[in-house]
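Features of the protein shown, as given by TrEMBL:
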| type | residues | note |
| --- | --- | --- |
| TRANSMEM | 83-103 | transmembrane segment |
| TRANSMEM | 109-134 | transmembrane segment |
| TRANSMEM | 155-175 | transmembrane segment |
| TRANSMEM | 197-216 | transmembrane segment |
| TRANSMEM | 223-243 | transmembrane segment |
| TRANSMEM | 346-368 | transmembrane segment |
| TRANSMEM | 388-407 | transmembrane segment |
| TRANSMEM | 440-461 | transmembrane segment |
| TRANSMEM | 473-493 | transmembrane segment |
| TRANSMEM | 513-532 | transmembrane segment |
Amino acid sequence: MPDADRDVQGKEFLNHMADKEQSPLAGRSNHNGKLSQSEKKLQEAICVLLVELCERFTFFGIVCNMIHFCTVKLGYRNYQAAIVNMCFVGTSMLTPVLVGWIAECLVGRIKLVCICMFLHFLGTALLPVVSFPFEDIYIDRRHVLHTLPKREQKIVFYFALLTASLGIGGIRAIVCPLNAYNLEDCGPKELLSFFNWFYWLVNLNSAVVFVSISYIQQSVARNLGFLIPFVSGIMAIITIHMMRGEMIYKPKADSSLLTTFGVIGSALKTHWVRYRYFSGGVTNWLDHAKENYGGQYSEIQVESTKSLARLFPLFTFQILYRTCVMQIPSGYYLQTMNSNLHFSGFVFPIAAMNVISIVPLLILVPILECINSSCLFSSKDTGYSPTIYIVVGQLSAALSVMVAGFSEIHRKHFPQVEQTLSEEVLLVSSMPCFHLTPQYILLGVAEALVTPSCALLSFRLVPERIRGISMHFLALFNGAGCFMGAFFVQTAHAGTQGNWFPHLLHEGKLERFFFFLASLMMVNTLGFWTIAHRYNKLHEDYTSEFRGSLSGEKLLKHEKIIKRYDTVLESSPILSPME
């Protein structure tokens, strides 16, 4: 027995010494693992950014000359082409919310990404077919290779736009949402800096698109330009395929869009019943959705929804602002299209005027970075809030639309001349299109100030668990602004019998539509200014706002169990049935 014990002790001593010798190696391998993990995150961020830029390249390539194609090739009236363009942009903003919900409830994320990639490929492949009367591909001088009748051409065109917008929504919602950039630990200053440079890159990409694709579509090979979005879509698909296992962002499972809508619906239902049959109230109408007030949702779910509901006024005031921004691819585009595009023997591309609205953003972002460091976030107590950027930006948007009205009056004073676009002879004003520069610059300044600041408030002023949902709601209201713009165009055309949004601009009063929109935007700016003080507290820690409520939930569940007469439930579900 002593010999046996001695052998056991010897083996233990040898194992202990071996562990000591292996411990440095283990530490070294862990260090190498950390390095590989950081490199993996860097690769993931780069791939996500590349997919984002490729997707935006595709999107802007489709939008940049859609009005020109609809009016010249499909024979649409001006107001119809503007409505189609705005509805496509609005749909592309709403589809990420729809696809995000489908990914949560119905289909797995990987499977849904494959479906969206196919839809994106299909839409961008069909657009060249539709936009191709094949005028550039001849069998001989008298016969073209193939032509589509107008009716079939429109059907394929709308189907291609729908499938492309669904594919765009899937890529934005699943592959490259903002949460994929790991922004949870960033402060207000870092977040605003990220949003500034993020939109700077996106707009730099769009500037390249508007210059190159618009020139190809309009001058070099006419409708061949729609092949470039197709190639860009293939680039995005290849990038997703290369890193599909690592770059697909998986959100936390403790929050969902359905839960947010469920809390709001339950609170409205319970509030209506209590208001009708019972007296007494609560501090907030959303409290009716809590379990201890007769609802079916936990306190942390309701409190998160309450913090999101505080942003609804901010989102609402973005609707009309987005309507003004949508004048660039609609009303402003029509003004440029009906102005003199010839410059020293060179035909200036219509959509390239959008670059004038992008240049202020590219210049202002570095300047705003210096202002943010010195004034905006210099101190928690004395620093200014980004809401001042939103107020100034919305005022700039209102001035832009007002200047567009005066530019339209100025444009009509010039004599008319003939101008050829895509082999179509149009009667336009002889005013150079560069006279429209001020309205583009003012709207570009507005975008540089409003969009990053609004994204910062939407991301920062809610708990971490629902930041993705907050960005979904911001996209919903921005999409609503696009559809409201389409509604305004349809109403103005129908209510004035085509006078406020005419097909021939020199025969109508387009300036009255701009003045009406500018007056609404001024009221909108004043309305937001009155509530801007609600969104000044950027330095509060919203991530730990509801940690103390978990113990209250547990006490509530124990009280429910004790109050059961001779009956104890085996388990109390933490999540609601809808979640």
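Including glycine, each Cβ sits where the backbone N, Cα and C put it.
Source: prediction; values computed, not measured.
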Same-chain residues near the transmembrane segment (473-493), Cβ under 8 Å, at least 6 residues beyond its ends: 79, 82-83, 86-87, 89-91, 93-94, 96-97, 308, 311-312, 315-316, 318-323, 325-327, 330, 454-455, 458, 500-501, 513, 516-517
Stretch of maximal Cβ-Cβ contact with the transmembrane segment (155-175) [cut-off: under 8 Å; candidates 83-103, 109-134, 197-216, 346-368, 513-532]: 109-134
Cβ pairs under 8 Å between the transmembrane segment (109-134) and the transmembrane segment (197-216), at least three: no
Ranked first among 83-103, 346-368, 440-461, 513-532 for CB pairs under 8 angstroms with the transmembrane segment (197-216): 346-368
The transmembrane segment (440-461) vs the transmembrane segment (346-368): 3 or more CB pairs under 8 Å: yes
